[in-house]
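J.: The structure follows.
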Amino acid sequence: MIELDINASDKSLSHRAVIFSLLAQKPCFVRNFLMGEDCLSSLEIAQNLGAKVENTAKNSFKITPPTAIKEPNKILNCNNSGTSMRLYSGLLSAQKGLFVLSGDNSLNARPMKRIIEPLKAFGAKILGREDNHFAPLAILGSPLKACDYESPIASAQVKSAFILSALQAQGISAYKENELSRNHTEIMLKSLGADIQNQNGVLMISPLEKPLEAFDFTIANDPSSAFFFALACAITPKSRLLLKNVLLNPTRIEAFEVLKKMGASIEYAIQSKDLEIIGDIYIEHAPLKAISIDQNIASLIDEIPALSIAMLFAKGKSMVKNAKDLRSKESDRIKAVVSNLKALGIECEEFEDGFYIEGLEDISPLKQHLSQKKPPLIQSFNDHRIAMSFAILTLALPLEIDNLECANISFPQFKRLLNQFKKGSFNGN
């Protein structure tokens with residue numbers, strides 16, 4: 001059994017810890033922060049808004065919030081981070097000042113009307129490019145009034161932006177989504193003194209009566225990052241793996257449950273139940289079978305590219321449906337998955353909200369065929385999850401990835417850990 005502490009702090013929790021600290025009044029401590037490019041964008045924006053950030057240890061910070069959020073004299077650069085842009089939009093909607101949020105070409109092409117509409121329901125003054133569809137976003141902070149909103153999509157980022165505005169609005173606001181999305185925002189904010197109640201699937205959010213409590217958070221390992229190595233184990237014969245200190249929030253382990261249904265042996269060992277459930281995950285290789293995925297999409301949307309690799313090793317036709325939001329990520333992930341697999345000669349096809357993949361009962365003929373020519377070049381589309389998913393496939397097939405460096409957005413240690421996996425040894429530090 002190989003033990004692996006991937007030392008890849010959870011991306012969702014890292015973002016939220018930084019952003020929520022701005023609603024506190026006293027210094028907050030964030031330990032084991034994810035030093036990926038996305039989370040560093042949130043940290044830099046906090047500094048631009050007046051927070052004092054001090055490095056206290058490796059990957060750990062003391063964040064002293066400003067007495068009042070400062071109006072910046074420059075654009076707030078979210079780079080490639082949709083979480084930064086959407087959550088800061090909610091936070092800043094009620095703050096005094098003018099704020100402009102922008103990002104790289106990829107982020108500025110991603111849909112933003114999904115947060116502009118609910119924020120406008122509060123009376124927020126927010127504008128986006130091309131009739132509010134895209135960033136850059138301009139926000140003129142103003143007083144907000146409570147509202148009720150039913151989201152047409154299940155999105156933790158949309159929900160979080162709404163909650164951050166609701167905490168600063170006059171009156172109690174209500175939020176409903178058609179499917180449960182990640183709930184870290186509700187869990188963290190409630191632990192810090194926010195009044196957020198779930199009434200029959202409807203979130204009731206009361207305005208803050210006082211600043212959030214100061215906190216000292218240690219971030220657990222990211223299940224989305226850990227899943228890449230669960231996939232590696234699942235497709236590598238005779239392999240067994242122990243992933244340590246992983247966040248086991250039920251809204252974050254759906255991909256592991258899907259892999260389990262496909263035939264992989266997966267067990268959880270809970271180590272603590274404090275703010276979030278944290279524990280270890282045991283994975284053992286076993287033959288995989290095809291699967292159809294059309295439910296709980298919001299809980300596994302980020303892992304679907306990796307699951308597509310598992311589907312390649314699963315006998316029969318696997319299907320993904322109701323996942324249209326994959327087209328609005330860092331790349332069109334439906335197109336990215338299918339075009340790369342087709343380039344390898346795999347039978348697959350895309351449709352508007354998903355794709356199908358005809359799995360291979362035996363991958364060795366494909367490996368032999370590819371070994372007789374120059375390794376195919378996988379197109380990452382500069383999307384970290386596409387790059388890492390197909391990098392795992394290099395464990396079984398001779399491939400090259402055009403830009404594996406984009407993994408640094410969410411998982412800076414990925415390339416090194418993958419090389420260690422190939423050698424059969426790990427050191428997550």
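Residue 1 is the first one shown; counting continues down the chain.
From the backbone N, Cα and C atoms, a Cβ is placed for every residue, glycine too.
The annotation 3-phosphoshikimate binding site is assigned in Swiss-Prot to Lys11, Ser12, Arg16, Ser155, Gln157, Asp302, Lys329 on the grounds of sequence analysis. If you look up Swiss-Prot, you'll see Lys11, Gly82, Arg110, Gln157, Arg333, Arg385 marked as phosphoenolpyruvate binding site, on the strength of sequence analysis. Taken from Swiss-Prot, the feature active site, proton acceptor covers Asp302, and the record attributes it to sequence analysis.
Neighbours and distances for these, please.
T.: In the three-state DSSP scheme, Arg16 (3-phosphoshikimate binding site) falls into the helix class. The Cβ of Arg16 (3-phosphoshikimate binding site) lies under 8 Å from the Cβ of Leu87, Ser160, His184, Thr185, Met188, each of these being in the same chain and 6 or more residues away along the sequence.
Here Gly82 (phosphoenolpyruvate binding site) comes close to Leu107, Arg110, Gln157: these same-chain residues lie at least six apart in sequence, with C-beta atoms under 8 angstroms from its C-beta.
DSSP classifies Asp302 (3-phosphoshikimate binding site) as helix under the three-state reduction.
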J.: How many Å lie between the Cα of Arg333 (phosphoenolpyruvate binding site) and the Cα of Asp302 (3-phosphoshikimate binding site)?
T.: 10
J.: Report, in whole Å, the straight Cα-to-Cα distance of Asp302 (3-phosphoshikimate binding site) from Arg385 (phosphoenolpyruvate binding site).
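T.: With the alpha carbons as reference points, the distance is 8 Å.
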J.: For a quick check of understanding: among the binding-site residues Lys11, Arg110, Lys329, Arg385, which residue's Cβ has the most other Cβ atoms within 10 Å?
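T.: Buried the deepest by this measure is Arg385.
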J.: Say we define neighbours as other CB atoms within 10 Å of the CB. Which of the binding-site residues Ser12, Gln157 has the fewest?
T.: Gln157
